[in-house]
Amino acid sequence: MTEVNVRAAATPEEKPFLNRTRHEPANPQPNRSVLVFLHGWGSDKRQWQSFVPTLLEALGDEREMVFIDLPGFGDNSDFRCDDLEHMLKQLARIIPGNATLIGWSLGGMIATQLASRHPEKIGRLITIATNPLFVKNDAEIAAGKAPWKHAMERETFSDFVNGFADDPEATLKRFIALQSMGDSERRQVTDTLKNLLSFSAHSQQTCWANALSYLDQLDNRTALRNLTQPALHIYGKSDALVPVRAGRALQGLAPSHWVESITAAGHAPHISHPREVATMINSFLRQQAPRLSQRKRRIANSFSSAAQEYDTLARLQKRVVDSLVEFSLGTGGSVGQTLLDLGCGTGYCIERLLQQFPEITQPEGRIHALDIAEGMLDRAQQKFDELGVAEQINWHLGDMESLPFVDESFDGCISSLTVQWSENPLQLFSEMYRALKPGGWFALSTLGPETLFELRSAWRMVDEFAHVNKFLSLESVKSVAEQAGLQMVAYKSETPVLYYHSVVHLMRELKGIGAHTINEGRQNGLMGRATFRRLEEAYDNWLDPDRGLPARYEVYYIYLRKPLDESASA
């Protein structure tokens with residue numbers, strides 16, 4: 001097995017980012033999932049060294065493996081991330097497709113977020129000594145909600161953070177003692193972690209303190225409930241940092257997940273009891289195949305590829321945004337101070353919101369922008385950096401069916417021509433219900449089944465493949481939204497028609513905005529010249545001699561609200 005150190009490619013406007021170490025098998029097998037390892041706080045990727053040979057022995061074959069140091073640790077000690085979202089985005093960039101994530105402690109919490117946000121490239125999740133919520137949520141307690149009983153008390157965590165700020169060396173020594181506490185192989189764990197500790201207060205303290213804050217910020221309870229991939233969670237029964245009871249409670253959040261525990265193990269069971277951990281992982285990998293969303297992968301790739309030219313080609317999309325803002329928010333009044341743009345693309349909708357509602361840019365205002373396509377998010381950030389208003393926008397790379405936000409985060413959400421790409425519309429609307437505050441609004445535009453009627457009809461004269469995406473009817477969208485608990489306030493539909501001078505012109509524009517065929521049943525490979533000629537002949541049946549070839553769109557504008565009283569939606 002060969003080892004290769006790889007520096008991930010960077011966008012032109014930023015320096016190269018994270019190192020990763022890749023172990024390549026001598027005889028790689030196609031379509032085999034790549035094992036990607038993320039370490040915990042206060043360590044680096046070297047803590048996997050003693051475990052990997054035992055794991056490979058249990059698996060009985062070689063695997064491609066990738067080991068990543070978090071920013072500020074190990075080979076990436078000279079890198080820092082401004083915030084949690086930036087860190088997650090950079091990690092997602094270097095994780096290969098068809099990955100199985102294996103994370104320990106903080107690495108497990110980060111792996112859970114990544115799996116939740118990227119079902120298109122992460123097929124399985126394995127966590128070791130990982131709590132869904134590491135620190136108790138004071139706001140939850142203040143609101144009278146049932147807290148996660150198995151999280152660390154905030155006062156205890158604050159004492160640790162303050163101790164690290166005042167005396168990092170002494171605090172790290174204490175941390176190693178906590179990780180080995182209760183383990184039957186306590187001396188082995190202590191010696192291993194001490195020998196691998198590499199810390200410089202001068203250069204790394206700020207980055208390590210930032211990483212500590214991630215333990216406070218991450219709340220994976222919703223992510224675990226929504227996770228579509230198979231998952232295994234391993235706990236030590238004597239863990240002094242993450243009680244084994246957290247695993248039993250996690251089973252209540254996600255009944256299909258595997259939860260295992262190891263007697264006489266503490267916080268680092270892969271170090272003290274490697275054979276037991278390896279056996280559990282081997283059993284899981286053999287019985288649980290990766291579950292990747294190929295559709296979401298195609299969506300992310302299509303829109304990322306279209307990002308640079310999108311604004312020059314998206315004439316319908318801009319028109320629909322203008323109509324959506326006018327229809328749903330044009331009557332005046334306050335839209336709230338914390339808003340979400342779901343499927344933000346290159347940010348045109350945000351531009352319109354900032355123009356029409358300047359109060360959003362006040363110090364207490366905040367816009368969150370989420371998209372699954374990294375290229376779109378990069379382009380949007382670049383635009384708003386140039387405009388000088390990026391300070392008021394939080395950018396999130398993620399999946400709209402598993403929103404990375406706590407309950408009741410937003411006063412409102414706007415989403416233009418995004419909902420039609422949902423793989424599970426009920427899950428999407430349920431997530432939106434969860435993320436909205438009581439009384440919050442959700443304004444959306446989406447496409448109906450008559451969209452691209454002429455193109456679909458022309459293709460039917462040529463072959464049986466699904467060349468045009470399928471979209472839900474207005475009644476179906478309304479039914480799913482109400483099933484999720486949202487109330488329909490207003491809606492309208494329109495059928496704009498765009499004209500093209502040729503079929504090539506139409507197809508290039510669809511591809512240029514990323515909206516070419518995503519559905520299953522499409523034809524793979526390139527289209528032959530004879531097939532394309534038959535399509536052109538069929539499409540000529542709709543030719544308007546004065547304006548060209550028509551392309552009809554069916555657009556729905558829908559305004560929903562979450563009831564002030566949740567019982568009203570029951």
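Residue numbering: from 1, along the chain as shown.
Positions of Cβ are set from backbone N, Cα and C atoms, glycine also.
Computed from a predicted structure; not experimentally measured.
Per Swiss-Prot, region 'Disordered' is recorded for 1-29.
Taken from Swiss-Prot, the feature region 'Carboxylesterase' applies to 1-279.
Taken from Swiss-Prot, the feature compositional bias 'Basic and acidic residues' covers 12-25.
Taken from Swiss-Prot, the feature active site, nucleophile covers SER105, and the record attributes it to similarity to another entry. Cβ neighbours within 10 Å of SER105 (active site, nucleophile), excluding its own Cβ and spanning all shown chains: 26.
The Cβ of ASP239 (active site) lies under 8 Å from the Cβ of ALA129, GLY182, ALA265, GLY266, HIS267, each of which sits 6+ residues away along the same chain. Taken from Swiss-Prot, the feature active site applies to ASP239 (among others), supported by similarity to another entry.
All protein chains considered, the CB of HIS267 (active site) has 28 other CB atoms within 10 Å. DSSP classifies HIS267 (active site) as coil under the three-state reduction. Positions annotated as active site by Swiss-Prot, on the basis of similarity to another entry: HIS267 (among others).
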Overall pLDDT for the region 'Carboxylesterase' (1-279), taken as the rounded mean: 90
